[in-house]
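Q: Sharing a structure with you now.
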């Protein structure tokens, strides 16, 4: 077996050069120990004999030299070099001849680093894969291995990157990584998971398996142990947009567009440039030059966070532009067009810059001072007098992937009680001041002046609820000391303040369970024996003749802008050598309601600012400057109630023009007057609730040069302006017009307003690239090629049936060099088609026609009728049908006489067979001609029958006799006494003869 071992020695040395471990594990049950089955693949894992541990790194790269490099990083670098158990990290496939040096980075232990992702590129490594003992496999030589390999191995964690040492025939991967892959540092949960890197070649898929067999013999070759290492080569074919991907880790370098590709491609490029600098530094990219073709894109993103941060794209990347990534990683992606267009070009330069902490938040009722925002810088906090700092007083900016402060910003609070030793000057305030205090409080403050000095208390504000809340100030150091002020006993505050007989004051504040108010604010000053105390004026200043205020010192007071001096003398003096004291009380500065101001600059405040103003107030201020000047009003604070009104008048009384009238809160704004005077009126709602602290208004005013004109308007390209008058005073109108071929975009008419600003923004002239809509044509429809009518668009008109097109049926939009695009012709018209008329028809005999005309136009209708006793035979209405020539729809009708015999003769009923569409007049005539004779005949026969049957009492069947009837002579003796009849005379009755 020794000859076989000698033959395998070169192969073993080659494998060791690639980092393969040939320790023979114990084989059992078809699988070597230390191998885990994960998704069908063999993955190496730590064994009990070789526990998992961290790997330390060393580097031969020079220390990062930057102008703002912090020494904190140098300690981390030196610490990494001094460790003795460090190993080299396996290499990463890298593009040959990179634009910038590719060096490994040390792994510093940064503050709070475990919770922040750090950029790490995966690097490949090799590992031995134990298999089943095999003794019949022949020896394997490196020559049988394909030069294109896919190698999988465990990778120790860490952010370092190194250039690989490639074997003969191997090439670095140029396959761009997946877009969804974001390189991040492994956290504690990822320490045992291997990284996988690939060396991939584009070609046909081929699988090659090589076997390495080593044998050892003990004794007389009685026992043989064989270890076989199998390396599987997988060559995949990936059709990618283009072979370009680079990684950069130096402090600065250049990014150039790919120009000389190793292999041609028939699709566009999709290139990635990954940049990583030291944690604690950001990436700054400057555009040196860029020239892209239409359709190409360049995007820049910041990496290292939960999601990529878009920074810029090709529309933002202009020459000289600087883009900064807020993290220490950045990625640039370039996508180009396929041949034959060819890719565009660009040249970028990147460098690392030191990241900084955010500016710390200033505490309310306090301030902050910052030495530097870079790592190592500090921030110091302090509170206003009367407030105590809660939290760290000093913060330090720590270096990390994203620098941060070592603690949260503190806050300033008003404590409930406390002991103040060596009290010289300061304030004590109730908890929550200037807001309301809490219920059920019992606070005690002990003030102690330096030895040999006394204390003076000044009441800045005392506001207690009208119940059992109480403030007591005692002239001593305990609760048993005699009180010098008790809110239960004193209704008004002492304007002159309080003086202690010794060096102590004891202040007690107690509140009950109901009601709350703003509380108190007391200012204290310590002063020496034989001197007066230091005076104080709220919202004002003073100047003194001697800083220690001995007897004879004079002090002069003044108020801040917007405040007025009240209830005191402007000048006071320290008198009485035996018991030094001021001859007058200190004055007070208050924001008053109303006033006349003649200063060139000043402030107008709401009444009692910053305290709440009162209800139902009506205040008027007059501001006056020189006649040739004007006033600018800068309204910086406006927080009033919805029922309150603040009005500005452009003049010296309330009848002037109103500049503006406002209610409710409003942000910062300015007003300008056209006069040398302005009147300000404030009216508060008498029924509204009082607002809180700093609710009101703050108005700064300034005297400005007279300016009765609006700013001069510039000319616009491809157009001109026409003012209504030479001077641009209020009311002036300026009209803008464009040259032929251009149109106005925006408002063409601008007016100078009262505030001396223009009513609209400046317009522009834009090139006209389309024709106007030619409109619709009556009695037609149109077909358009483009709805916006650009140059070259067409419009076709088609007339409705019965109408004839007059003009061009197709209009085309043509461009003109000296004007706007114009249609090739005017819009056509659709006129009614002209047809020959029908000749007039004569009226039928015994009939009439309507209308009576000789010619009738196409579509006209003629109506016929007959005289009484005649019946119309034919159509009562006929129409002139359009045509070439036009003709009548039916022949003309005739009128026939109506007879009784014809009524019984069916042939005479032709008129009755006329269509129901005949006129109502003809039907009435026919009915009358038939039924009236019948009715007359019936009446005649009935009358005769009635006469003979009723009046004569005879049967209707008896006929009169032809001879006269005999009669007897009537004598005189008869009883007939009718004087009408006499003897021998004749009388007639009815139709009979007597």
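Every residue gets a Cβ built from N, Cα and C, even glycine.
Dumping what Swiss-Prot says about this protein:
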type	residues	note
DISULFID	357-397	disulfide bond
DISULFID	383-412	disulfide bond
DISULFID	416-443	disulfide bond
DISULFID	532-574	disulfide bond
DISULFID	559-589	disulfide bond
DISULFID	593-619	disulfide bond
DISULFID	710-752	disulfide bond
DISULFID	738-765	disulfide bond
DISULFID	771-813	disulfide bond
DISULFID	799-830	disulfide bond
DISULFID	838-880	disulfide bond
DISULFID	866-895	disulfide bond
DOMAIN	355-414	domain 'Sushi 1'
DOMAIN	593-704	domain 'CUB 2'
DOMAIN	708-767	domain 'Sushi 3'
Q: Counting distance between Cα atoms, which of the disulfide-bonded residues 383, 532, 738, 813, 880 is nearest residue 619 (disulfide bond)?
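A: Closest by Cα distance to residue 619 (disulfide bond) among the disulfide-bonded residues 383, 532, 738, 813, 880: 383.
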Q: Hey, how far is residue 593 (disulfide bond) from residue 895 (disulfide bond), Cα to Cα, in Å?
A: 108
Q: Measure from the CA atom of residue 397 (disulfide bond) to the CA atom of residue 532 (disulfide bond) and give the result in Å, rounded to a whole number.
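A: Approximately 47 Å lies between the Cα of residue 532 (disulfide bond) and that of residue 397 (disulfide bond).
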Q: Which residues, sitting 6 or more apart from residue 416 (disulfide bond) on the same chain, put a CB under 8 Å from its CB?
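A: Listed in sequence order, they are 430, 431, 441, 442, 443.
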Q: Could you give the Cα-Cα distance between residue 765 (disulfide bond) and residue 383 (disulfide bond), in whole Å?
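A: Pair distance, Cα basis, whole Å: 58 Å.
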Q: Using Cβ atoms only, which residues of the same chain lie under 8 Å from residue 589 (disulfide bond) while being at least 6 residues apart in sequence?
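A: Those within reach of residue 589 (disulfide bond), by Cβ under 8 Å and sequence separation of 6 or more, are 537, 538, 539, 540, 559, 560, 563, 564, 565, 566.
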Q: How many other Cβ atoms sit within 10 Å of the Cβ of residue 738 (disulfide bond)?
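A: Taking all protein chains shown, residue 738 (disulfide bond) has 22 Cβ neighbours within 10 Å.
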Q: Can you name the residues of this chain that are 6 or more positions from residue 397 (disulfide bond) yet have a C-beta less than 8 Å from its C-beta?
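A: Spatial neighbours, sequence-distant, of residue 397 (disulfide bond): 356, 357, 372, 373, 374, 375, 376, 377, 378, 379, 403, 404, 405, 406.
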Q: Given the disulfide-bonded residues 752, 813, 830, 866, 880, find the one whose Cα is closest in space to the Cα of residue 412 (disulfide bond).
A: 752
Q: Which of the disulfide-bonded residues 710, 738, 880 has its Cα closest in space to the Cα of residue 813 (disulfide bond)?
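A: The answer is 738.
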Q: Just to be sure I understand, if DSSP states are collapsed into helix, strand and coil, how many residues of the domain 'CUB 2' (593-704) fall in each?
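A: Each residue of the domain 'CUB 2' (593-704) counted once, the result is 0 helix, 57 strand, 55 coil.
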Q: Tell me the coarse DSSP state (helix, strand, coil) of residue 880 (disulfide bond).
A: strand
Q: Cβ-Cβ under 8 Å from residue 574 (disulfide bond), same chain, 6 or more residues apart: which ones?
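A: Expected: 531, 532, 549, 550, 551, 552, 553, 554, 580, 581, 582, 583.
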